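*Asks:* Pulled the feature table from Swiss-Prot, pasting it below:
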- Pro2: active site, schiff-base intermediate with DNA (ACT_SITE)
- Glu3: active site, proton donor (ACT_SITE)
- Lys58: active site, proton donor (ACT_SITE)
- Arg262: active site, proton donor (ACT_SITE)
- His91, Arg110: DNA binding site (BINDING)
- 238-272: zinc finger (ZN_FING)
Amino acid sequence: MPELPEVETVRRGLEHLIVGKKIVSVEVRVPKMVKTGVEDFQLDILGQTFESIGRRGKYLLLNLNRQTIISHLRMEGKYLLFEDEVPDNKHFHLFFGLDGGSTLVYQDVRKFGTFELLPKSQVEAYFVQKKIGPEPNAKDFKLKPFEEGLAKSHKVIKTLLLDQHLVAGLGNIYVDEVLWAAKVDPERLASQLKKSEIKRIHDETIRILQLAIEKGGSTIRSYKNSLGEDGSMQDCLQVYGKTDQPCARCATPIEKIKVGGRGTHFCPSCQKQ
């Protein structure tokens, strides 16, 4: 699944490719993907121009003249831009014909991606309603509210970091990486963490996600950015996908377990409770 760094990389690619382009045709082949109604979606966006491309957590914000398309890539979603003819592909589901003759295509092997069309004035309330936490950067992600949120929780730390309420954008890959870097067992109860451990998790979340953005995300399975290029963060991963390989800190073999139903990579030595 694309996590925050991958979605940010897609955002930057789309910003370069489609901002200023006018939508001259719309085709939706899988209506269920458009959660706010496919007929209104197709009618309302026709003739509007992509003014800017934003992001909130793992959500893309395709800002038009009057409205915003909120796009969630889910497991396998990606965008492709074709300058001329669009090839046949059963996994191409949404088509935005643009002035100048190019076509922006949404591809999704599993059809889990979603689109919602909202007035711009309702976008902020949308994310408040979903309880999406702050962006994982030094400006927005403050230590004190993070400490307070952990203290109130009855969840283990990995599950809590995945739920997006205390900090936005973390998924399975980067939670494993953050907890390894912070030397915290993924099965520790969040409310029992020491202040020093919480600060390490906080600081490593910011550091690792910013590094991943710089590297263009991790290419794991099917992820590519909106230019069709692989990211390179996978070359910097220390624990995710490294079952039975030696820990980079202590050489203990990395183990993979299930935490809250999610495959979880950790070092049983330097992340022990």
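Including glycine, each Cβ sits where the backbone N, Cα and C put it.
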*Asks:* Round to a whole number and give the Cα-to-Cα distance in Å for the pair Arg110 (DNA binding site) and Lys58 (active site, proton donor).
*Replies:* 17
*Asks:* I need the nearest neighbour of His91 (DNA binding site) among the active-site residues Pro2, Glu3, Lys58, Arg262, using C-alpha distances.
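*Replies:* For His91 (DNA binding site), the closest Cα among Pro2, Glu3, Lys58, Arg262 is found at Pro2.
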*Asks:* Give the distance between the Cα atoms of Lys58 (active site, proton donor) and Glu3 (active site, proton donor), rounded to the nearest whole Å.
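*Replies:* Distance between the two Cα atoms comes out at 6 Å.
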*Asks:* Far apart in sequence but close in space: which same-chain residues, 6 or more away, have a Cβ under 8 Å from Arg262 (active site, proton donor)?
*Replies:* Lys158, Thr159, Leu162, Asn172
*Asks:* Could you put numbers on the helix, strand and coil content of the zinc finger (238-272), residue by residue per DSSP?
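*Replies:* Per-class counts: 0 helix, 12 strand, 23 coil.
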*Asks:* Taking the recorded positions one at a time (Lys58, Arg110), which has its Cβ surrounded by the most other Cβ atoms within 10 Å?
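*Replies:* The residue with the most neighbouring Cβ atoms within 10 Å is Lys58.
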*Asks:* Take the zinc finger (238-272) and average the pLDDT across it for me.
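*Replies:* The average pLDDT of the model in the zinc finger (238-272) works out to 96.
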